[in-house]
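Sequence annotations record features per position, and here Swiss-Prot assigns active site, proton acceptor to ASP8 based on sequence analysis. The active site, proton donor feature in Swiss-Prot is assigned to ASP129; the stated evidence is sequence analysis.
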Amino acid sequence: MILFPAIDLKGGQCVRLKLGDMQQATVYNTDPAAQAKSFEEQGFEWLHVVDLDGAFAGHSANGDAVEAILKATKNPVQLGGGIRTLDHIEAWLARGLRRVILGTVAVRNPDLVIEACRKFPGHVAVGIDAKGGKVAVEGWAEASELGVIELAQKFEGAGVSAIIYTDIDRDGILAGINWASTLALAGAVSIPVIASGGLASLDDVRRMLEPDARKLEGAISGRALYDGRIDPRQALALIKASRAKETA
């Protein structure tokens with residue numbers, strides 16, 4: 001299990017939203033590159049980055065900040081928000097990004113996702129953002145009629161490296177992960193699932209390490225880390241102990 005610290009970018013700054021609302025953004029750091037380096041120094045293995053402005057605009061809007069992050073950390077970075085074309089994907093991977101996250105385009109043009117997986121094997125994830133059980137698109141601004149599992153199953157066998165599942169109704173309010181919907185998704189597909197939205201405490205980390213959650217690749221934490229509700233040392237120690245137990 002991997003704990004992914006999150007950097008959400010708005011106007012070149014690290015922010016966290018409440019319930020996906022761009023008007024409810026709290027600035028946590030004005031230097032995203034320094035934040036990325038700090039997460040690496042704390043012992044995290046990956047970094048999850050979202051270009052919030054890009055998600056709404058449909059193209060990269062915080063490119064300079066993302067490039068600074070890539071230069072500042074040796075950790076692999078996954079990026080979502082505004083990545084809509086094969087050219088976008090190729091350009092970011094060429095700059096050192098480990099994995100792109102395709103969200104809106106996965107709904108609008110699933111064939112592009114399949115082609116991206118063929119062209120860039122191991123480097124493409126799908127982001128599924130849900131509100132009321134339905135998939136949301138365009139930076140969470142629009143709701144679709146598509147169900148979460150219905151969308152995920154479209155990519156079985158395509159080579160998608162992970163599904164990042166965000167419960168918008170839990171995001172940024174420290175309400176705890178929606179375990180029912182998250183585990184239902186993980187049980188419905190063979191693609192590894194990463195939980196996002198609501199991770200609130202060490203109890204949530206412990207819950208992820210229980211046997212029925214083993215299908216999860218990991219979880220993303222934002223506000224709980226920034227607010228000090230999750231101690232990185234304790235969380236990473238729990239994960240390390242769990243891995244040791246699995247390999248013993």
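Cβ coordinates come from backbone N, Cα and C, glycine included.
Note that the structure is a prediction, hence the values are computed from the model and not measured.
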According to DSSP, which of helix, strand or coil covers ASP129 (active site, proton donor)?
strand
Pairwise CA distance, the residue listed as 'active site, proton acceptor' versus ASP129 (active site, proton donor), rounded so that it is a whole Å:
15
Return the count of C-beta atoms lying within 10 angstroms of the C-beta of ASP129 (active site, proton donor), excluding that atom itself.
26
Number of Cβ atoms other than its own within 10 Å, given for ASP8 (active site, proton acceptor):
25
